[in-house]
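Have a look at the structure below before the remarks.
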């Protein structure tokens with residue numbers, strides 16, 4: 001294994017959304033490409049908002065996508081004693097100090113700065129206190145460099161980024177209740193876990209110079225950084241629930257395949273020539289963080305749907321059958337209780353289905369004979385014609401020796417030639433008889449899947465229905 005160590009560090013305050021999943025994917029790909037280590041860390045320091053339900057949802061989403069981790073999951077709340085040790089170290093070395101300013105005082109300072117046209121920042125009131133007030137609540141602030149210099153870091157995606165030190169105020173590293181803050185915890189965790197490359201969303205860019213200063217103050221090596229551009233909705237606003245589903249598990253429940261979502265996410269910001277389709281192994285082999293663009297990506301549901309249809313069309317029928325069972329059971333169908341083999345039925349549906357939900361709806365007629373028929377479609381044909389078609393087809397099928405879809409299709413061509421009918425004049429009525437509607441696989445495929453006996457019975461029931469009209 002290489003020395004590359006990366007991490008995905010979600011906050012358990014909600015589900016695993018597509019933006020987080022893409023960040024996890026990029027970290028996972030870099031680790032697998034370099035033979036490195038992928039670590040899962042749960043950043044649960046926000047005790048009030050963090051829930052076990054969210055942790056479970058994140059792990060479930062990761063597992064569904066196949067983003068296996070090598071170490072973890074680790075929880076930040078388990079490290080509180082360690083954080084306190086390092087905060088005390090900063091205090092002992094004069095690199096941090098206690099700040100006794102009240103919330104009201106800080107708000108007044110902020111309002112004054114805004115009024116005077118200055119960027120709001122802490123003014124260092126408590127930075128050089130010689131006496132510590134007794135029995136007053138305090139926060140601990142990091143003593144940021146005030147030498148007029150700058151803090152820079154090289155971003156693997158955005159290039160060199162520099163922040164003037166006079167724009168960075170003294171960061172709070174410990175709240176008044178004694179809990180450490182995010183920016184401090186993440187530095188300690190990444191340092192202790194020996195993270196070499198931090199890949200995360202570019203909403204963290206402004207946190208980075210503060211974190212770099214903390215690494216340096218504590219004597220830790222500074223990792224490499226790669227800030228991934230955000231994902232936008234079709235209106236160019238940041239992707240959110242109002243743009244549709246954003247939860248990874250929601251896409252699973254809507255019938256998307258994990259490989260389709262992975263393929264789509266990897267192309268949101270990363271490219272390899274004009275290639276669109278990538279297997280998991282191809283992603284690992286071709287991924288390079290330097291090929292991630294700097295501009296935001298727009299989430300396109302239609303493109304994801306196209307990819308999903310591709311993977312369904314080319315998927316293994318038996319695997320798809322296993323995935324389809326829960327969707328069928330939600331519709332009251334258990335393929336184990338009778339009907340055609342599900343994998344056989346799926347072969348007739350793969351060409352047209354875009355999601356597993358669509359496939360489940362399309363498969364229902366194989367397991368439940370139609371209880372009603374598309375009257376609008378039937379009305380396009382004269383009653384006498386329908387009765388003639390059903391009688392002729394039932395008779396021909398009873399005597400037929402055909403066993404393959406192609407042979408049954410040939411039989412229908414013979415019927416058309418013999419009767420002077422065009423194929424739609426036979427195919428549509430028969431498709432309605434077998435499935436209840438006009439949107440179904442080819443006639444030959446349906447007959448092979450249902451079996452000749454079931455096919456004839458359904459045609460006879462349709463004939464009886466037409467006779468009563």
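Here the Cβ of each residue, glycine as well, is placed from N, Cα and C on the backbone.
Among the residue ranges 10-20, 21-31, the one that Swiss-Prot annotates as motif ''HIGH' region' is 10-20.
Taking the mean position of the Cβ atoms of 99, 101, 126, 128 as the Zn(2+) site, the remaining same-chain residues with a Cβ inside 8 Å of that point are 97, 98, 100, 124, 125, 127, 129, 141. Neighbours of residue 241 (ATP binding site), defined as other CB atoms within 10 A of its CB across all chains, total 10. Residues of the motif ''KMSKS' region' (238-242) grouped by DSSP class, helix first, strand second and coil last, total 2 helix, 1 strand, 2 coil. Between the CA atoms of residue 126 (Zn(2+) binding site) and residue 241 (ATP binding site) there is a gap of 43 Å, rounded to the nearest whole number. Note: the Cα of residue 101 (Zn(2+) binding site) and the Cα of residue 241 (ATP binding site) are spaced 38 Å from each other. Taking H, G and I as helix, E and B as strand and the rest as coil, DSSP gives the motif ''HIGH' region' (10-20) the counts 3 helix, 1 strand, 7 coil. The binding-site residues in question are 99, 101, 126, 128, and the one with the fewest Cβ neighbours inside 10 Å is 128.
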